[in-house]
C-alpha cells in the first residue's frame, strides 16, 4: 500500500503513521501496537478477522469510507500468532517505543521484526520437538543448490547435486517450514506442494552478491575455510536465504557463525519414496503414530528429540562415528546410567533455542532462568559420566563445559520466578543494582504513605468510609460516598464521579503521585537497561554455549538409545567392512510394539553368494513387514542405534531403496502404475552393489504378462548387472525359477497352514518357494461374500486347467518372447485340434513337437 504525500495528508496523524509503516510490508499482516491491543486495519483487518474468527469493527473514515479494524489483546497475542503461522502467514510486529506521557502527537512506533513460518523462534509458536527450517533452492543449468537454516539453533547447511530426484528427497528430508526460490525456477512441480513458498528476485541469488553477504556475516575474507567455495550453486541459495533473514529479523545474527557443506557420500541415501514407505517420522496418513521415531524417541529434552529425528532421516556411513555411538550406548547400559542422566537432562530443557533467542535479543526472563538451571546442572552431569573412558567422554565433557561465573551472575541478577516478559519489570533481583533498589524503595514506600494519609484524612473530615486508592487511568484519588460529598473539605478537587461515589485529589496526594510515578518509571527504565546489559554479558559466550547445547542434545540421544535398547531388548550390531547383511531373529521395531500377538522373529542373510531373495507367500503373510524390518534395522544400525535382533552383522550400505505399495498421484496426473514404474526406474538407475533394495509386487499394476515380463526383467537387472542386496517379493510364481539360472538368487517364503476353508499365517520365513498365495482365503477373511468367493474358486479351477498348455513360460525365462504370439497360437491350436492323440505313433508325436518348435 503506497500512498503519495497528498493522499497521506487526508488521514489522521496516527493513521498516517500506520500507512507509512505498512508501506514497508505491503504483503504482510501488520500487528500495530496501540496501548493494550495489537490492531490491524484495512485489508489486514478483513483477512485477520476471517482467519482468526475475531470481530471486524471500524475506526474513523478515509475518503468518506469507514476504516475496517480488528484487534487482539497484547497479553494473548501469541496464541493468535501461532494460528497464523500454522496457516503459512507472515506477520510484521510494530511496537510502541515512545512514552505516551511525553509524546506530542502519535506515540513513536517502530517495525521491530517480521515473523514468517521459517523464521519463528518464539517458544509459544514452535513445535519444540521438530526442527523449523527455512530453506532456499537455486538451479544453474543441470545443478541444484539447496540451503537450510534453523534459526532456532544457528545450523546453516548447504548441499549441491544434479538430479531432480535428489532435490525431491532433500525437500522431503528437510520438510521446510518455508522455502525461497528464484523468479525463474523451472521445477515448480517439485515445490508447489509445500505450504509456504516465497518467490525472491533473481539478483538475490547472484554468486557475487551471495559471497559478499556471507563473508560479511562470518567476518571473513573468503569462504575457503568452511570448505564450501566450490559449491557455487548452493552458495547462491545460501546468500538469498541470509538476505531474507536479515530483512525479516532486523537485528544482528551472532549465532550464525559458520556454514557447512553436506556431501551425499557421507550418508546412507534415502529417496523420497523410501522415507515415505518406511514411515520414519511420519506415517502414511501424515501422523506420528506407529512410526520409527515414536518407538525410538523417548528423549527428555526437545533438542535431543530434534537431533534424533535428524539422525533417523540422515543415517551416516562414517565407521568411526557409528562405532563411537555404539560404544557410548553400550557403556551407558553397562554403567546403568540412563535414569540417573535423564533427570538432570530433563530439567535442562531446550537451551539450544534459548541460546538462539539470546543471540537475537528476544530472550525472555524465563529463558535466563532456564540457562541458570542448565549451568547449575552441568557439574552433576559431568560427575555422572566422570568414570566413563576418556576416549568416550573427553570431547563431550570439553564441549559441555562449565560456566561458574555466568551461573553466579544469573543467580545474583534474576529472581527465582520472574514474570514472562520484561515489560512491567520485576525481573532483576534486589541487591543486584543499588540505584534500582533506591527507586524501587521509593515506589514501595507509597503504600505506607497512603495508609497514613487515609487514617489522617478520616480523622480530619470525620468521614469514616473515606478511602485512598489508585488506578492506572486516573492515578491516585480520595474516595467518599456521594451522600457525604457535601461535607468534604474545600481543598478537595473532584477527579471522577461514579454511580455511588465521588473521587477527589488534593495537592499533597498529587505531589506524591508525581513522585511515585516518576520513581516507578525510572525504576522500570533502569531495569530494562540492566536486562539488556545482562544479555550483553552473556553474548560473548555464545559460541561455547552453542557447543554446550549440541553436546547435551547428543548425550540425551545416546542415553535415550541406551534406555530403548534395554527396554526393547535390542542388540549391538556388528558393523563390518565385508559385504553382506546377516541378521538372526530380526524383528520389525514398530510392528512388534503395536501387535497384540507375539511377533515372529525372522532371519535374513544377504552376501556375495545370496544377492537377492525372491520372497513368495500368501497375501497378509508378512512379506512387506519382513522387507521393511530389514530396511529399518539396517537404517537403525547406521544411526548408531542397537537393533531388534538376536545378532547382526552389517556391511557397507550406500543407499536404501523401497518400491512398496503405490497409489495414484492425481495432482501430477500419474496413475498407480506410472508411480510404480517411476520409482522402479529411479532404483534401476541409481542402485549400486552396496545398495539395499526392497521391491514389493513389481508389475502388479498392469496386465499379467506385462507385469510378469517387467518383474522378470527388473529382477534379472538387479541380480546380474547391479548386484544390489535385494528383497524381491512377488506373486508371480514363475519368478521362483530364476535361481535355477542365476546362482546368487535364493527363494524364500512365508508359510501358512490351511484347515478346511480357514487359513493360519505362520509369519515365519522359510527357505524355498511357496506353493500358493491363498488369495481366495484372504478374500474370505476380508469379508468378501461367500457366493463371490465360491464363484472365484470355480473360475480359478477353470483357469488352472486352461493354463496348463502355457506352463512353458519358464522354459526360456531370459528371452524377450515368453509365449507364442497370437497368429502362432492360432496355428498351433488349429494343428492340435485336428489331431487324435490316440492314433499318434511315437515318431509322429516327435515330428509334431518339432513342427510346433519351429513355429514357436
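A Cβ is built for glycine as well, from the same backbone N, Cα and C atoms used for every other residue.
DSSP classifies residue 622 (ATP binding site) as coil under the three-state reduction. Residues or ranges marked as ATP binding site by Swiss-Prot: 617, 618, 619, 620, 621, 622, 623, 624.
Of the binding-site residues 617, 618, 621, 622, 617 has the largest number of other Cβ atoms within 10 Å of its own Cβ.
The number of other CB atoms found within 10 A of the CB of residue 624 (ATP binding site), across every protein chain shown, is 20. Under a cutoff of 8 A between CB atoms, and with a sequence separation of 6+ in the same chain, the neighbours of residue 620 (ATP binding site) are 761, 778, 781.
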